[in-house]
Amino acid sequence: MAVHACGAAAAVVALLSAAIALQWSPLYAVLQRALSLHTAHATKDMENLFQLVRNIVPALTSKKHKGQDGRIGIVGGCQEYTGAPYFAGISALKVGADLTHVFCAREAAPVIKSYSPELIVHPVLDSSNAVEEVEKWLPRLHALVVGPGLGRDDLLLNNVRGILESTKARDIPVVIDADGLWLVAQQPALIHSYHKAILTPNHVEFSRLWEAVLSSPMDSNDLKGSTLKLSQALGNITVVQKGEQDLISNGQQVLVCNQEGSSRRCGGQGDLLSGSLGVMVHWALRAGPEKTNGSSPLLVAAWGACTLTRECNRQAFQKYGRSTTTTDMITEVGTAFSRLFTT
């Protein structure tokens, strides 16, 4: 299943119709019908994707206990970067996770704690036994988000390497972003063929990953094809290339998320995406293929998180314009989620 924008087809029809409408009306009618069918198919694909995301969203019921709808771990946060793990963690809670744990460096912990009393903060990431400390919590977690605010300190990266190995051994889904992607670019074997991994690179991060695993030059005119090829080169893991359109591939198909956002790009909105995706991938895997109509649960989760992030951006921009920040976007999570995915 793929969703394609129909803007290109519309432009072609607009250019040709002026030349042929008067003299070749049958051809004009054919072109108009082609555009109509293209638009109808794109709209149907979009509606199907929205429904698949709605299918994985758990019902709110008094029969559940705390933790069932998501216990998410965020791995990141160092002296320089404390906002990113907070953004990812609080976004996970706003989307609907019950509990969020942040595993960060000791110096980052008091700052992150001060941002929100709702996050459970573990100041262990720069300790000599960081892997063992995080391993103790892994059986309680449904998904990990690795990379927000991580930085590139050798000790932290080495500890995260061990955490990723332990995560794979326990078959826990993992979303990798930011400097977690830098680590993967240095050692692609860390996540190669791990089908519960999702990478969320921006353009620069995507190019770095491409250079690390593919010898051929990247075709900047075929971003969908490039996303597909990078996923295949990494063993068909899910890749989300963020950009003007978000392109999502598991090496077999490509989904396109072109939900309206805004022209404002503020630092931290990728953390909103990764935190949201951590929750949604848990929901999608728990729901299973029967709820995703045979589609990859990870693809459905990724498309849902991308769509939500773009809608938060749109809503915040309508209110704040150029001054929009990620904090403003996070405030919109509840209304955006209801607008998109609540029936």
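Even glycines carry a Cβ here, placed using N, Cα and C.
Some features that Swiss-Prot has for this protein:
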type: TRANSIT; residues: 1-42; note: transit peptide
type: DOMAIN; residues: 49-340; note: domain 'YjeF C-terminal'
type: MOD_RES; residues: LYS63; note: N6-acetyllysine
type: MOD_RES; residues: TYR81; note: phosphotyrosine
type: BINDING; residues: GLY149, ASN202, HIS203, VAL204, GLU205, PHE206, SER207, ARG208, ASP271; note: (6S)-NADPHX binding site
type: MOD_RES; residues: SER216; note: phosphoserine
type: BINDING; residues: 242-246, 261-270; note: ATP binding site
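Overlay of Swiss-Prot annotations on the structure.
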| residue | record | Cβ neighbours (10 Å) |
| --- | --- | --- |
| LYS63 | N6-acetyllysine | 6 |
| GLY149 | (6S)-NADPHX binding site | 28 |
| GLU205 | (6S)-NADPHX binding site | 24 |
| SER216 | phosphoserine | 8 |
| LYS242 | ATP binding site | 21 |
| SER262 | ATP binding site | 19 |
| ARG264 | ATP binding site | 18 |
| GLY268 | ATP binding site | 20 |
| GLY270 | ATP binding site | 24 |
| ASP271 | (6S)-NADPHX binding site | 30 |
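Those residues noted as binding (6S)-NADPHX (GLY149, ASN202, HIS203, VAL204, GLU205, PHE206, SER207, ARG208, ASP271) have their most widely separated CA atoms at a distance of 20 Å.
Just so you know, the Cβ of TYR81 (phosphotyrosine) picks up 20 other Cβ atoms within 10 Å once every protein chain is counted.
Using CA atoms as reference points, the binding-site residues HIS203, GLU205, ASP271 were checked against ASP246 (ATP binding site), and the closest is HIS203. Nearest to SER207 ((6S)-NADPHX binding site) in space, judged by Cα atoms and limited to the recorded positions LYS63, TYR81, SER216, GLY268, GLY270, is SER216.
Of all the binding-site residues listed here (GLU244, ASP246), the one with the fewest other CB atoms within 10 A of its own CB is GLU244. With GLU205 ((6S)-NADPHX binding site) as the anchor, the candidate recorded positions are TYR81, LYS242, GLU244, SER262, ARG264, and the one with the nearest CA is LYS242. The average pLDDT computed over the domain 'YjeF C-terminal' (49-340) stands at 97. Highest Cβ count within 10 Å among the binding-site residues HIS203, SER207, CYS266: CYS266.
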